Amino acid sequence: MTFPGQQRAETESVAAACGDALLAPPQKVSRRVLLRVASVACGVQFGWALQLSLLTPYVQELGIPHQFASLVWLCGPLSGLLVQPFVGHMSDRCASSLGRRRPFIIGGAFSIALSVLLIGYSADIGRILGDTGGGETKYGAIAVYLVGFWLLDVGNNTTQGPCRALLADLTGKDHRRTRVANAYFSLFMALGNILGFATGSFSHWYSILPFNVTSACSISCANLKSAFLLDVVLLLITTCISVSSAKEIPLSSANRVTTSVGDSLVQSDNGHEAFLWELIGSCRYLTLPIWMVLIATALTWIGWFPFTLFDTDWMGREIYKGNPDEGQMYQTGVRMGATGLMLNSIVLGFTSVVLEKLCRKFGAGLIWGISNIVMFFCFLGILILSSLAKNTDYPPNGLPPGGFVIASLVIFTILGAPLAVTYTIPYAMISARIEPLGLGQGLSMGILNLAIVVPQMVVSVGSGPLDQLFGGSNSPAFAVGAIAAFASGLVAIVGLPPRSITTRTTTLRRVQR
């Protein structure tokens with residue numbers, strides 16, 4: 001574990017060991033290079049978007065009850081808690097000829113490709129393992145699906161963690177460029193979301209790729225399978241672009257930590273991604289501003305995770321009043337929810353582009369707080385729509401009133417702006433606040449990750465039983481999310497000085513001049 005003060009001494013010894021060349025200020029990495037390195041987020045997020053929009057409904061089609069569907073998602077925060085720190089720790093010390101980060105980006109992409117194939121073909125493999133047709137629970141398919149689902153989250157963490165670390169290596173201690181790099185990452189996540197949700201909302205992939213329709217895999221299953229095959233292709237392309245853009249110098253010894261990008265030589269942060277016990281032990285050194293960031297982050301993700309779990313399921317169940325095992329109304333609602341998430345991602349991408357200017361003008365803390373208050377009102381709107389739909393008689397064709405659908409799509413779209421803030425500002429704020437303590441960027445990302453995954457685990461375990469307690473709807477989980485979003489907004493506005501990051505960056509520039 002790295003203690004305060006130890007980081008600076010270690011950095012000085014590294015500089016001395018590597019020679020005078022490293023003592024000169026490193027040349028800035030171009031934004032074009034940062035953009036290419038961040039592009040892998042598009043391929044990763046494409047699969048994640050399919051996971052968010054299609055897999056909660058699909059797992060219920062396989063026979064897992066709604067109240068247990070949220071437990072399947074427990075693998076995400078668990079892998080984030082255990083896998084991401086381990087991968088970060090190993091990537092800091094990797095002596096591969098490819099460099100420190102790139103082997104893990106490549107390995108994670110391979111895991112994602114394998115996992116989406118397992119998920120897509122789970123019904124076919126389940127039939128080979130003995131599953132029968134009809135409405136019976138498909139235990140073989142469920143087993144294959146769970147393996148693929150857990151592997152997918154492991155792959156996501158294995159890829160995204162080292163990619164963010166590589167971006168941090170390239171931007172160094174320039175907090176403004178760190179925000180820019182994170183904004184690029186968020187922008188590509190938005191692009192991946194747009195492509196993924198658009199793919200998930202299209203209902204005729206089975207006619208374009210008819211070989212995916214089998215005796216074990218119906219039309220909706222074939223659409224899902226086809227979408228994941230497209231994900232493999234996009235992931236391969238973006239991974240190649242990302243890993244070919246950053247030419248890392250391999251670690252030839254324990255005291256050589258450098259990264260070469262094009263013709264420039266960039267000194268890397270010597271901090272490392274900490275293990276769980278190191279993270280807990282480091283909490284004694286955290287200042288009040290850091291705790292405010294962590295509290296706001298935890299409350300923010302308590303707000304987001306119910307939406308992540310049940311967004312398209314809510315549209316299918318409560319707006320379209322469908323059932324996963326009965327007719328096509330539920331699937332129609334799921335596809336409409338995916339359309340809403342695609343619009344959400346367009347707003348996310350636009351917000352990512354303008355977020356840096358907004359933070360410089362108004363302060364990151366204020367922007368974060370306002371975005372979470374907006375999230376609160378959106379979740380409140382979801383609860384109101386659920387109540388109205390429940391007490392409204394639909395026409396004979398079973399379709400909901402157009403106003404309900406339009407209002408749902410508007411809410412999904414608006415939520416793209418707070419989501420862009422969630423993907424960007426907390427990372428930049430924790431980096432800026434921990435750097436003066438000398439704990440290292442790897443440790444700062446690990447601490448922030450802890451504030452993200454623990455709330456997700458709580459929501460995963462509690463949301464299904466809570467919803468079942470109130471009749472099986474998704475409204476109780478969204479009510480918890482609304483309360484958490486409002487609380488996190490207040491913490492960000494009151495507890496985080498609005499211009500803290502901007503002021504610190506400006507001061508740093510004056511000192512450098």
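Just so it is clear, glycine is given a Cβ too, placed from its N, Cα and C backbone atoms.
Features of the protein shown, as given by TrEMBL:
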- 33-52: transmembrane segment (TRANSMEM)
- 64-83: transmembrane segment (TRANSMEM)
- 104-123: transmembrane segment (TRANSMEM)
- 139-155: transmembrane segment (TRANSMEM)
- 183-206: transmembrane segment (TRANSMEM)
- 226-246: transmembrane segment (TRANSMEM)
- 285-307: transmembrane segment (TRANSMEM)
- 336-355: transmembrane segment (TRANSMEM)
- 362-384: transmembrane segment (TRANSMEM)
- 404-425: transmembrane segment (TRANSMEM)
- 437-458: transmembrane segment (TRANSMEM)
- 478-496: transmembrane segment (TRANSMEM)
Please tell me whether the transmembrane segment (478-496) and the transmembrane segment (285-307) touch - that is, whether there are at least 3 C-beta pairs under 8 Å between them, with each pair 6 or more apart in sequence. yes
Verify whether three or more Cβ pairs under 8 angstroms connect the transmembrane segment (183-206) with the transmembrane segment (404-425), leaving out any pair fewer than 6 apart in sequence. yes
Near the transmembrane segment (183-206), which same-chain residues lie under 8 Å Cβ to Cβ, leaving out any that are not at least 6 residues past its ends? 31, 34-35, 38-50, 53-54, 163-164, 167, 212-213, 219, 222-223, 226-227, 230-231, 234, 238, 331, 335-336, 338-339, 341-342, 344-346, 348-349, 352-353, 355-356, 416, 420, 423-424
If we call contact 3 or more Cβ pairs under 8 Å (sequence gap 6 or more), are the transmembrane segment (33-52) and the transmembrane segment (226-246) touching? yes
Below 8 angstroms Cβ to Cβ, which residues of this chain, lying six or more residues outside the transmembrane segment (104-123), approach it? 40, 43-44, 47, 50, 55, 62, 87, 90-91, 94, 98, 131, 138, 141-142, 144-145, 147-149, 151-152, 154-163, 166, 214, 216-217, 221, 224-225, 227-229, 231-232, 235-236, 239, 242-243
Please report, as numbers and ranges, the same-chain residues at least 6 past the borders of the transmembrane segment (285-307) whose CB is under 8 Å from any CB of it. 3-4, 368, 372, 375-376, 379, 415, 419, 422, 426, 429-430, 433-434, 437, 439, 447-448, 450-452, 454-456, 458-460, 463, 474, 477-478, 480-482, 484-485, 487-488, 491-492, 495-497, 500
For the transmembrane segment (226-246), could you work out the same-chain residues 6 or more beyond its ends whose Cβ comes under 8 Å from its Cβ atoms? 33, 36-44, 46-47, 50, 54, 98-99, 101-102, 105-106, 109, 112-113, 116-117, 119-120, 159, 163, 166, 170, 188, 192, 195-196, 199-200, 205-206, 208-209, 212, 259, 261
